[in-house]
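Feature annotations, reproduced from TrEMBL:
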type	residues	note
DOMAIN	1-113	domain 'Reticulon'
TRANSMEM	31-48	transmembrane segment
TRANSMEM	54-72	transmembrane segment
Amino acid sequence: MVNEMASFIRIRVNNLLRVSQDIALGKDSKLFFKVAGYLCLISFVGGMTDFLTLAYTSLVIILTIPALYERYEAHIDKFIIMEYRRLQQLYAFLDEKCFSKLQKWVVEKRKLS
């Protein structure tokens, strides 16, 4: 049983180290920016409170959010789907107005070089 647990922990640690190596070498930049964003958020929130208050608040949130979601699952899912569609429309608008122009500008710059 101890060998199985050690094997399980070894596999998890190796996966964590492999992902960390990919982030450090720049192979997964999307995950790098996610990690950097979450660390900035944690730093910001941690700078506003002390550790004990942050721990108690986190504990309350961790214990109440799943119960609230289970109780109001249909309403929450409907709201999330509605907001997801709104974000898709916003992305389409930004892609049409900004990103396509930026992409054309980059292609033109490369042709001139």
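Glycine too: its Cβ is placed from the backbone N, Cα and C atoms.
Nobody curates TrEMBL annotations by hand; they come from automatic prediction.
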Inset, instruction - Would you kindly list the residues that approach the transmembrane segment (54-72) from elsewhere in its chain, counting only those six or more residues past its ends and only Cβ-Cβ distances under 8 Å? - result: 45-46
Inset, instruction - Could you pull out which residues elsewhere in the chain have a CB under 8 Å from any CB of the transmembrane segment (31-48), counting only those six or more residues past its ends? - result: 19, 22-23, 54
